[in-house]
Amino acid sequence: GTPQKYDPTFKGPIYDRGCTDVICCVLLVIAIVGYVVVGIVAWTHGDPRKVIYPTDSRGQFCGQQGTPNEYVSRFAFAGADAFTRGPAVSSSPIQICVSKCPDRYLTYLNAYSSSTPGEREYYRHFCIPEFKNLQKAPIEVLKDKECPAMIIPSTPLARRCFPAIRAKKGVIMVGNETTYDDGRGRRRNVTELLEGAKKANVVLETRQLAMKIFEDYTVSWYWIIIGLVIAMVASFIFIVLLRFLAGIMVWVMIVMVILVLGYGIFHCYVEYAKLKGEAGSDVSLKDLGFQTDLRVYLHLRQTWLAFMIILCIVEVVIILLLIFLRKRILIAIALIKEASRAVGHIMMSLLFPLCTFFLLCLCITYWASTAVFLSTSNEAVYKVFNETACQFSGQTCKPETFNTSNITKLCPDAQCLFAFYGGETAYHKYLIVLQFFNVFMFFWLANFVIALGQVTLAGAFASYYWAFKKPDDMPAFPLFSAFGRALRYHTGSLAFGSLILAIVQVIRVTLEYLDHRLKAADNRFAKFLLSCLKCCFWCLEKFIKFLNRNAYIMIAVYGTNFCTSARNAFFLLMRNIVRVAVLDKVTDFLFFLGKLLIVGSVGILAFFFFTQRIKLVQDTAPPLNYYWVPILTVIVGSYLIAHGFFSVYGMCVDTLFLCFLEDLERNDGSAEKPYFMSPNLKKLLKKTNKGQPDA
């Protein structure tokens, strides 16, 4: 590319600019209008209750408040093998809403012949609502599928009744029995019920784990908030100190990270040595397998040995990088100091990520709600089910008119039962297209919001750099001015850049979906090709994000369209590839160390507090089922908070760096072409403005 030439009229971000990429702006507005229409249609047809509540064979919800079935669960049966065979078109399980799941073994024949009236009345609760004739012959009742042939002890799970299967000393049991009467005079092993409820125990254990985690949150939420506030204060103090003590803070940060990792290695060694000789501590992780109670792993020597090895590797890698990059760190410190001054003059920039975060939350909420309503906008479809051969088997029917139709005359045993949720209208046929459009619009709008934040920050920090007398020549409200310019003139350019990135991301999501579907296939060539495509599009996404970020800086400064800005930014960076590779990446590395220091410090503090190892507040820490729940929450939240603060700094450094490269190409330090860079940068690079004192 051609280096930028001197322009005597250029004094920073151009104010006299025009609208760019208008076509993309129009496309974005049309897409948003269409997205709103899709949301309204989905909210009109959708019913999220279908996700939460099960239905009986008539499509009525079980367990929904405000209905006759408010306090009930769903119970399914189909003769003697309700749980050992799945639903089919010719014979589907009868699903009814019951007030309570069965709690005992009982067959209909035993209940019918029982001398205890309560047995028969109890059994009737698991028959269809229309069944009233308790004197009807059992063979006729079972033939008409009015009652199940047998019931077994069951557990309510997500308002559905599942066999209460449990393992005792390796023996599968339901209740306290290993066999059961199937209602037809045969004894069966309870293992035959596993197929029908093979995932019930996993879900049940997961629910129990979730309940314990929820309990931990209820007793520790205020301490978690305190931890996040500490992380926020630490991040803010760290950034404020960078303005005055950037060099010292960077070196202190490096030393602190090394010390934190060193302490982690020491603590792992102490725990590893402490477990020596204890019973069960030498069991390997492979032999132990997966355990829902993660505290079990902390009693194994191998766990602490693995932690210690990982921390040692990280420690060595960081020390080697610091040794080889020690000279470049000084230049990075100068950039951070300059960024600190810029942020200090535009303090509102530290709060701007909250605006971006709020808009992203709106995008996520709208996408998630629209996806739920779209997935639940199917209608109840009823099919003809029968035991004997029937020409109408599997056809769609209407329960309201089924009893008066010819089907019941030609097929006396046929029933019109709820089959699934679907539909045959044009809207239902294109639901998958609407879901795809929903995902695509989510990526487009999310990327647009991020792009808007980047352009706004870039415009504000560019106004600082190109102010010859800092901060006297800066506009009164640089952040709001940059935000207004971005929305007024460059909505189309932001839409263009975010559209390209959204297309690549949607392709990546599609490839991940195909990879998930092909896991069971044995086609090695297809898997290899898919892996290559995933790798290529991952690299493409990273490159587009890098190019977009620098293109947005050029848009904020010069007001050019997206393609021109991307081309100029790319060629400018390629003309200074060595500086880009070293200075920019070293600065990113230092920011990463800053995040690691804040997250590590807050995480260690949370660990000692929630494990009650701080004697001063030992009685204050709440009792927990899993102390890793609040600790992980504090660590993840601290990282997000630190990332929000440092993202402003990162954008500031990138903007100043690009402006710095432009400054070197446009100007030569003469009286006619003075440098706009700060005195510190000029001193570091041995540049001067001839005939003019440094501002």
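Each residue, glycine too, has its Cβ placed from N, Cα and C.
For reference, TrEMBL has these:
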{"type": "TRANSMEM", "residues": "21-43", "note": "transmembrane segment"}
{"type": "TRANSMEM", "residues": "221-241", "note": "transmembrane segment"}
{"type": "TRANSMEM", "residues": "248-266", "note": "transmembrane segment"}
{"type": "TRANSMEM", "residues": "304-325", "note": "transmembrane segment"}
{"type": "TRANSMEM", "residues": "346-368", "note": "transmembrane segment"}
{"type": "TRANSMEM", "residues": "441-466", "note": "transmembrane segment"}
{"type": "TRANSMEM", "residues": "487-507", "note": "transmembrane segment"}
{"type": "TRANSMEM", "residues": "551-574", "note": "transmembrane segment"}
{"type": "TRANSMEM", "residues": "586-610", "note": "transmembrane segment"}
{"type": "TRANSMEM", "residues": "626-646", "note": "transmembrane segment"}
Contact yes or no, the transmembrane segment (304-325) and the transmembrane segment (248-266), 3+ Cβ pairs under 8 Å, gap 6+: yes
The transmembrane segment (21-43) in contact with the transmembrane segment (441-466), cutoff 8 A, at least 3 CB pairs, sep 6+: yes
Recorded stretch that, among 248-266, 441-466, 487-507, 586-610, has the most CB pairs under 8 Å to the transmembrane segment (626-646): 586-610
Chain residues outside the transmembrane segment (441-466) and at least six past its termini with a C-beta under 8 angstroms from it: 10-13, 28, 31-32, 35, 339, 341-342, 345-346, 349, 352-353, 355-356, 359-360, 363-364, 367, 474-475, 478-479, 481-483, 485-487, 490, 494-495, 497-499, 501-502, 505-506, 548-549, 552-553, 555-557, 648, 651-652, 654-656, 659-660, 663, 676-677
Stretch-level contact, the transmembrane segment (586-610) and the transmembrane segment (346-368), CB cutoff 8 A, at least 3 pairs: no
Distal contacts, the transmembrane segment (346-368) - CB-CB under 8 A, six or more residues away: 39, 236, 239, 438-439, 441-442, 445-446, 449-450, 452-453, 456-457, 460-461, 464, 478-479, 644-645, 647-648, 652
Same-chain residues at least 6 beyond the ends of the transmembrane segment (221-241) whose Cβ lies under 8 Å from its Cβ atoms: 249, 340, 343, 350, 594, 597-599, 601-602, 605-606, 609-610, 621-622, 630, 633-634, 637-638, 641-642, 644-646, 649
